[in-house]
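Lifted from TrEMBL, the feature list:
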DOMAIN    31-40  domain 'Uroporphyrinogen decarboxylase (URO-D)'
BINDING   36, 37, 38, 39, 40, 85, 160, 215, 333  substrate binding site
SITE      85  site 'Transition state stabilizer'
DOMAIN    148-164  domain 'Uroporphyrinogen decarboxylase (URO-D)'
Ligand code: CP3
């Protein structure tokens with residue numbers, strides 16, 4: 001339900017540091033959370049996952065709730081991210097896939113022809129009762145801490161479906177895009193519908209914001225992104241506008257695409273560590289005619305560089321983030337499995353204290 005809806009007054013969650021920053025409004029401090037804050041860097045995550053596959057864990061509300069809450073309890077981050085994976089909606093509609101430890105999603109029969117598209121249909125709420133259950137329980141347990149729902153963007157999910165697994169160069173995906181644009185657009189359009197349906201379930205169950213991950217979009221030129229990807233991501237953002245929740249968008253190595261990703265319809269643009277936030281704000285303003293809140297962008301590699309190296313980076317990022325109407329502190333990509341939870345905790349405390357207003 002929209003924040004501005006006349007039949008609903010703002011809740012304490014609406015006034016949380018995260019949602020205020022995401023809406024470009026001043027708040028008590030710069031909010032901070034980490035992509036992949038739940039996961040192998042946490043000993044309590046490794047313990048609870050013992051003997052359960054990733055896919056199974058994502059389908060069990062007891063595990064989803066506990067794993068989502070682990071980093072919130074430990075770090076006091078300003079937002080929770082729903083524990084799931086970008087391939088879960090595909091799994092829910094029957095696509096044969098696995099999530100291999102240390103590798104990522106692996107698809108048994110990669111998409112090669114129009115016939116292969118029949119497997120890719122939007123999720124119905126009845127396909128994913130465990131998503132609605134988990135989100136509702138989480139929202140109850142989180143109190144005023146917002147829950148971020150998420151989905152994979154059409155390009156990044158298509159890459160797993162077309163390549164059959166993780167890829168460095170996304171060569172088969174690009175070959176399909178350029179060699180059979182009709183099939184590409186049909187696939188990406190279906191994946192937009194998948195993301196819309198999956199995000200709608202999360203929002204309707206109580207998620208306060210959503211993030212559309214186009215992690216691998218940075219593999220594309222701006223021209224290819226504009227022609228083959230942006231319309232499909234734009235379809236996702238447009239369909240979600242009615243809910244009034246902030247829509248975040250993120251990809252790695254997307255310095256050249258920040259304006260186009262903003263134009264796709266994001267309310268908050270995620271930035272990796274390669275572009276300073278003030279420069280990111282300039283690129284977004286130039287494309288959209290108006291600055292937008294940004295999210296980022298500490299280089300995850302620095303987490304193992306020692307506090308003397310990390311602290312000045314936090315100061316620099318907080319200062320550069322002032323150029324935006326709202327800044328959500330995050331890493332430039334996910335928490336590495338080798339990250340020390342003590343360091344992450346120290347980053348959270350430092351960001352919240354240094355930015356307190
Ligand atoms: O804490 C969180 O951020 C929430 C959980 C989350 C996971 N996947 C859990 C996960 C989120 C938001 C994702 C999204 C996701 N999945 C993306 C977009 C974000 C990004 O990192 O760019 C992508 C590209 C994927 C695909 C995927 N799934 C990869 C690359 C991997 C990692 C492979 C590995 O083991 O290193 C996965 C598996 C996965 N998803 C794990 C987790 C915690 C590891 C599973 C394990 O613990 O064995």
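Yeah, the Cβs are placed from backbone N, Cα and C, and that goes for glycine too.
Where the annotation comes from TrEMBL, it is an automatic prediction and has not been curated.
Packing against the domain 'Uroporphyrinogen decarboxylase (URO-D)' (148-164) from elsewhere in the chain are residues 33, 79-82, 84, 86-87, 89-90, 95, 97, 104-107, 110-112, 120, 135, 170, 172-173, 176, 184, 187-189, 191-192, 194-195, 198-199, 202-203, 207-217, 220, 228-229, 232-233, 236, 248-249, 251: each is 6 or more residues past its ends and has a CB under 8 Å from a CB in it. On the 0 to 100 pLDDT scale, the domain 'Uroporphyrinogen decarboxylase (URO-D)' (148-164) averages 98 in the predicted structure. For ligand 1, the neighbouring recorded positions among 36, 38, 40, 85, 160 are 36, 38, 40, 85, by Cβ distance under 6 Å. For residue 40 (substrate binding site), the same-chain residues that are 6 or more apart in sequence and have a Cβ closer than 8 Å to its Cβ are 46, 337. Looking at 36, 333, the binding-site residues in this record, the fewest other C-beta atoms within 10 angstroms of the C-beta turn up around 36. Rounded to a whole value, the Cα-Cα separation of residue 36 (substrate binding site) and residue 85 (site 'Transition state stabilizer') is 10 Å.
Between the CA atoms of residue 160 (substrate binding site) and residue 85 (site 'Transition state stabilizer') there is a gap of 12 Å, rounded to the nearest whole number. Remark: residue 85 (site 'Transition state stabilizer') has 54, 58, 99, 105 as non-local neighbours, by Cβ distance under 8 Å and separation of at least 6 in sequence. Across the domain 'Uroporphyrinogen decarboxylase (URO-D)' (31-40), DSSP classifies residues as 0 helix, 1 strand, 9 coil.
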